[in-house]
Amino acid sequence: MEFSRPPLVHVKGIPLIKYFAETIGPLQNFTAWPDDLLISTYPKSGTTWMSEILDMIYQGGKLEKCGRAPIYARVPFLEFKCPGVPSGLETLEETPAPRLLKTHLPLSLLPQSLLDQKVKVIYIARNAKDVVVSYYNFYNMAKLHPDPGTWDSFLENFMDGEVSYGSWYQHVKEWWELRHTHPVLYLFYEDIKENPKREIKKILEFLGRSLPEETVDSIVHHTSFKKMKENCMTNYTTIPTEIMDHNVSPFMRKGTTGDWKNTFTVAQNERFDAHYAKTMTDCDFKFRCEL
């Protein structure tokens, strides 16, 4: 099946992939379970990485159990829908408790049940410059998105919140604020990159779990970018080419911090920084754009 790269559809003012927009209504009837764990991110912020870390924690670090199915089958993607592929809600029906779930939805579109049940959330935030570069490459290879156009026009659309899932700025801020009323562990991609063991220990504490030191070391090793890029259960190469074309750009491209410097021009960087300073003026947390 060839995808025609349909335009984004706005739901409550949030632009979404056309097929994903169709799930927002049905998702409102979704029933969360108290022992669910939600992984929330803006796209291209380490969702798959965190999904694999958490599945390894849930499986006690046993590699063969984590190889039971591709990551998107082990951690259902709530709003996912695509012709010819099981939807996120369909995958959920096959998922036994305790369930790991993932979403990129902003709070305004999140199923209310997740909030009512006080489902624990692990949120990963990544610096905007690396996100937008990664997102541009992802738009090019993932054909459910509209054509991204030129890099310069995509950058403008990102700053204006006119890309799938809307404003990065609003997303990272509203989930940060949710910490005051909801059990949210807010992590930074750059911190996990810098010291994965330290961050995994934070996750274990948040979940009220413990693992032997050697198991934690094994999780660090097997969730490294190199290992995950080689692993067909995590690198999305099992998705049909007509949906994701890895010849255009691999799903797991570089996984670094600071790669934006290879894409932004000096003028684009100045424009982005000025807009960022204005948009994030009320923000009480800081991102690192290089390590």
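Keep in mind that glycine also has a Cβ here, set from the backbone N, Cα and C atoms.
What Swiss-Prot says about this one:
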BINDING   44-49, R126, S134, Y189, 223-228, 251-255  3'-phosphoadenylyl sulfate binding site
BINDING   K102, T103, H104  substrate binding site
ACT_SITE  H104  active site, proton acceptor
MOD_RES   S134  phosphoserine
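Around the Cβ of K44 (3'-phosphoadenylyl sulfate binding site), a 10 Å sphere holds 22 further Cβ atoms from the protein chains shown. T47 (3'-phosphoadenylyl sulfate binding site) is surrounded by 21 other CB atoms, counting those within 10 A of its CB over all protein chains shown. Scoring each of the binding-site residues (K102, H104, R126, K226) by how many neighbouring Cβ atoms lie within 10 Å, the top position goes to R126. All protein chains included, T103 (substrate binding site) registers 23 other Cβ atoms within 10 Å of its own Cβ. Cβ neighbours of T223 (3'-phosphoadenylyl sulfate binding site) (same chain, under 8 Å, six or more residues apart in sequence): W49, E52, I53, M56, P196.
Listed in chain order, the residues near the substrate site other than K102, T103, H104 are L38, I39, S40, T41, T47, F77, L78, E79, L101, L105, each with its Cβ within 8 Å of the site Cβ centroid. Here the C-alpha separation of S134 (phosphoserine) and T47 (3'-phosphoadenylyl sulfate binding site) works out to 13 Å. Checking each of the binding-site residues (K44, T47, R126, K226) against T103 (substrate binding site), the C-alpha distance stays within 10 Å for T47. Checking each of the binding-site residues (K44, T47, R126, K226) against K102 (substrate binding site), the C-alpha distance stays within 10 Å for T47.
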